[in-house]
Amino acid sequence: MAKSINILLLFSLLAFAPFCHCTKKIEGSLFPQFYEGSCPRVHDIVNSIVAKAFAKDPRMAASLLRLHFHDCFVKGCDGSILLDSSGTIISEKRSNPNRDSARGFEVIDEIKSAIEKECPDTVSCADILALSARHSTVLTGGPNWEVPLGRRDSLGASIQGSHTIGDSRCTSFRQRLYNQSGNGNADFTLDQNYAAKLRTQCPKSGGDQNLFVLDFVTPTKFDNNYFKNLLANKGLLSSDEILLTKNKVSADLVKKYAERNDIFFEQFAKSMIKMGNITPLTGSKGEIRKHCRKINK
């Protein structure tokens, strides 16, 4: 499942990810024990519902992880991805990259409903996303980490700047299969057997919205196969290939993570903590939504 996220974003985080003393407050307000007194069962509630959803649909783990990524990299980790369109709000769900690909909203709804019954007006939707991403990673065999908490929810959304993180659409890599350099030829750096397999579901025209996993080997398991695929010239996107060809630093990281799953896990956990601290709303900023799909009246 590690492959179902944008690894370029992870590499950017890894380059600057400091060691996190997670028992201390982060960014002035976020720390793992934030709900210890106000909602002590929040972890149990999130874990239980995520586990149930995963048992029903193993792909849901990757979907919840992608939601957290998308939320953080658009406006910061503020739950804006969860908002439906209403009034002056244009939902990020309607952006072309996210339409019909972002999923897992109903799981977040179920978690929020259960938490509101246990401790109303206390836990933000942004924190629910962060906790769901962590437990999804653990469920699929990935690393565990303490999640800094205390985020508040946004009062709006941003349809501009939305990202697709996870499965990639045919239209985003068709050029590699048919006309990489404008000469009518496929990308020579792509394994040709793999390319032939991709062409069966991604024709020269049509099928623009067909989805493809970034790791075809273990799509529902969290591991380092994504990096092994890159070394075998089976990275789906041109941006994947750049990790090997751009410079020695990124190429060495690919090789290291392909060889050492434990090192990848350690760095991934640090990166998730760092990403979760991208411009969070804290203190009196934003709100604690009662329903994740709409702002409070």
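For all residues, glycine too, the Cβ spot is worked out from N, Cα and C.
Summarising the annotation, TrEMBL assigns signal peptide to 1-22.
Residues or ranges marked as domain 'Plant heme peroxidase family profile' in TrEMBL: 29-296.
Around Cys39 (disulfide bond), a 10 Å sphere centred on its CB holds 18 further CB atoms from the protein chains shown. Taken from TrEMBL, the feature disulfide bond applies to Cys39-Cys119 (among others).
Counted within 10 Å of its Cβ, the other Cβ atoms near Arg66 (site 'Transition state stabilizer') come to 27, all protein chains included. What TrEMBL lists as site 'Transition state stabilizer' is Arg66.
For His70, the entry in TrEMBL reads active site, proton acceptor.
Feature annotation from TrEMBL assigns Ca(2+) 1 binding site to Asp71, Val74, Gly76, Asp78, Ser80, Glu92.
What TrEMBL records for Cys72-Cys77 (among others) is disulfide bond. Summarising the environment of Cys72 (disulfide bond), the number of other Cβ atoms within 10 Å of its Cβ, over all protein chains shown, is 29.
Sequence-distant contacts of Cys125 (disulfide bond), defined as residues of its own chain at least six apart whose C-beta falls under 8 angstroms from its C-beta, comprise Gly79, Leu82, Ile108, Lys112, Asp153, Arg289, Cys292. Marked as disulfide bond by TrEMBL: Cys125-Cys292 (among others).
The heme b binding site feature in TrEMBL is assigned to His163.
For Thr164, Asp215, Thr218, Asp223, the entry in TrEMBL reads Ca(2+) 2 binding site.
Marked as disulfide bond by TrEMBL: Cys170-Cys202 (among others). Using a 10 Å radius centred on the Cβ of Cys202 (disulfide bond) and all shown protein chains, the other Cβ atoms total 23.
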If one looks at the chain holding Cys119 (disulfide bond), which residues at least 6 apart in sequence have a CB under 8 angstroms from its CB?
Tyr35, Ser38, Cys39, Arg41, Val42
To the nearest whole angstrom, what is the C-alpha distance linking Cys202 (disulfide bond) and His70 (active site, proton acceptor)?
25
Checking the recorded positions Arg66, Cys72, Asp223, which are within 10 Å of Asp78 (Ca(2+) 1 binding site) at the Cα level?
Cys72
